[in-house]
Amino acid sequence: MAARRSLRYSGNPGAKHSKNTLRSTYSRKQKAGPKPRPKDVFDFSNNSDASSIPGALEEEEETYETFDPPLHSTAIYAEDELSKHCVSSSSLATHRGKASRNLDPSEDEASGNESIKVSTKKPRRKLEPISGESDSSADDVRRRVASAEGPRSQQRQAAPAAPSPPERPAEPVTPRRTRLHSAQLSPVDETPATQSQLKTQKKVRPSPGRRKRPRRGHTDTDGSESMHIWCLEGKRQSDITELDVILSVFEKTFLEYKQRVESESCNQAINKFYFKMKGELIRMLKEAQMLKALKMKNTKIIANMEKKRQRLIEVQDELIRLEPQLKQLQTKYDDLKERKSSLKKSKHFLSNLKQLCQDYSNVQEKGPKGTGKYDSSSLPALLFKARSILGAENHLRTINYQLGKLLELD
């Protein structure tokens, strides 16, 4: 803790002065009266070492002290001044809030290395060591920082690696700068702002993304272990397709390959690829089954249509063959119809004629007997009676004619 520190300021690199000139310039600046406070301010606390800086009693009364950087690029100061500067910078950092916590550790270390460097030159004057009270306070602060960083490191180790790294959560001030500041703090300088900062460091928890993503990966691994294996044993050989064989072989290959992979991120990527590929194959299988069913229905419909078409052709041929028969039957029907009508008419005529004869006979029986007289009106009746006589005469003539021919031949 007794080592010397040096602050580097941007000055004119061409100007060169001796160390004695620098020290005399610095003593004149210290003895000068108070000036308006510039941007670069060193706030000296009450616990600073009085022997390291002349006129300590006068400086305690002054609230601020001006400081003009020398022309030389570096200047040597006591460790007490450096501690006071660190205390003021830490109080400013607490007022800034989250902006100082989001800094990258590499950037903080680089800025710390540029602003604060250990001086390797020979000391010009002796410095008194820091009191034991400041050492004890520094140890307490270190212990608090270590206790705040312990659970964070354990939580980071316990969280499994996600496929895509989540956003980096807001980190507190880097350990190196914190140790440097806390080593110089005293019990009086430990403000409520620093205490609240330490409490917030203890209460920091990993972001929600880090807590949710490992659970999702865990469920994926559990789901992959309890996944459904595509089985071909219960199917008939005619129902098994190329996609069924590909899917079963793909699942077996996936399980064998997954047992050989140890990386969690690789397992998650393999699981995603497997589930997407399996879903695509199952979708293709369902579409193939639907296509097969539609083809079977289509073939059945086509077969029924062919049967009906063949039957239609047969009926047309039969109709063509039976058409002349239909015409013949139609003519026969017409003839029979005419005969039926003629028979009805003849029957009606005969019935009327019979009735007439009956009436005539009845009249003759009732009337007086006398010679019959025939006139022209009775000609039809005479012809009807002579019909039998004329028929016998014609019959005798035919017999006579035939006998004459036979005699001529003899």
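Including glycine, each Cβ sits where the backbone N, Cα and C put it.
Of the given residue ranges 4-21, 112-129, 328-345, Swiss-Prot assigns the label motif 'Nuclear localization signal' to 4-21.
Note on Swiss-Prot: of 259-276, 295-312, 367-384, the range annotated with the feature motif 'Nuclear localization signal' is 295-312. Swiss-Prot marks one residue of Ser27, Ser48, Ser182, Ser346 as phosphoserine, namely Ser182. Swiss-Prot marks one residue of Ser51, Ser90, Ser111, Ser147 as phosphoserine, namely Ser111.
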